[in-house]
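Data first, discussion second: the structure below is written as structure tokens.
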Amino acid sequence: MTTVEVPHGSRSVILTVSAVVEETADTRSIVFAVPDELRDKFAYRPGQFLTLRIPSDRTGSVARCYSLASSPFTDDAPKVTVKRTSDGYGSNWLCDNIATGQTLEVLPPAGVFTPKSLDHDFLLFGAGSGITPVISILKSALTQGGGKVVLVYANRDEKSVIFAEELRALAEKYPTRLTVVHWLESVQGLPTADQLAAIAAPYESYEAFMCGPGPFMDTVHQALNTVGMPRARVHAEVFNSLSGDPFADQAPVEVSDEDAADAATVEVELDGEVHKLSWPRKQTLVDIMLAKGIDVPYSCQEGECGSCACTVLEGKVEMENCDVLDPEDIEAGYILGCQARPVTDHLKIEF
């Protein structure tokens, strides 16, 4: 049995695996037992993810992000779902080795792929394991909202459909609110933008969320653009491989008297509270908020996960790495707090 007893950093915790579910031949769901004293720390929103520290003989460990397939409104415990990939060390290790009773080091929930309100009509797209955060949103919207939900779910073949029985049961439970459209490559081939546009056309007024391989999401973007859905209502989840160690505590950036004198000022709104801060130009937004003891959302601190995404309302920043953001996101004012440094003297930012 693999066990972990001591956290690697101050933010992570050790959780026990309470169940492992074989969803398909190459997919496992991992359910975690969260002690009462950690309930608040591991409260999450539909569509978020957990970062797991996975043992490795080569490097000691690797960090991987996996979406929560559970809903905070319908499931008693958080559950991530992992699909084996041919070249994925983390997914292969988990599918081959993880078992009930083992422990893993885990960072608290993070991510911005989550609806601001569940009381909308939703058009959801998932491909393969991209269904994982999507089904969390789907279940949450059905139980907490009053709108309709349409899911377009693409897979290689019928055997590779994750959560097939759960989706069937939900469709029976909510016959007037939930529509599930399955797309099987073995039967229909890969979906084209025109084909997806034809499916999406009646739902142009809905909120769209998508997750899946890059080519699939590119096709969905084209389809939604064709039907005229505003970019502000289109949300995509993108995962990049983590190059750094999000579990390690970061050393504070030293600020000289000269740097402090030249600092910008920023008003940051987080969870309805406004913080007025001095922002030295060598420090990132996450740096200064952590230094002030503010519980800012973040994970990798490498600009690779999007956990710290926020919006600039006034002012301008520069970012070293922002590949996880689409050009449309940047144009809309989205930034990454772990990469953002001030350019202008005064800024307003909202999480």
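One is the number of the first residue shown, and numbering goes on along the chain from there.
Note that Cβ sites are derived from N, Cα and C of the backbone, with glycine treated the same way.
Among the features that Swiss-Prot reports, domain 'FAD-binding FR-type' is placed at 10-116. Mapped onto DSSP classes, the domain 'FAD-binding FR-type' (10-116) shows 12 helix, 49 strand, 46 coil.
Here the domain '2Fe-2S ferredoxin-type' (264-351) has a mean pLDDT of 91 out of 100. Sequence annotations record features per position, and here Swiss-Prot assigns domain '2Fe-2S ferredoxin-type' to 264-351.
Sequence annotations record features per position, and here Swiss-Prot assigns [2Fe-2S] cluster binding site to CYS300, CYS305, CYS308, CYS338. Reduced to three states, the DSSP call for CYS305 ([2Fe-2S] cluster binding site) is coil. Its own atom aside, the Cβ of CYS305 ([2Fe-2S] cluster binding site) has 26 Cβ atoms within 10 angstroms in the protein chains shown.
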Go through CYS300, CYS308, CYS338, our binding-site residues, and report the one whose Cβ sees the most other Cβ atoms within 10 Å.
CYS338
In DSSP terms, helix, strand or coil for CYS338 ([2Fe-2S] cluster binding site)?
coil
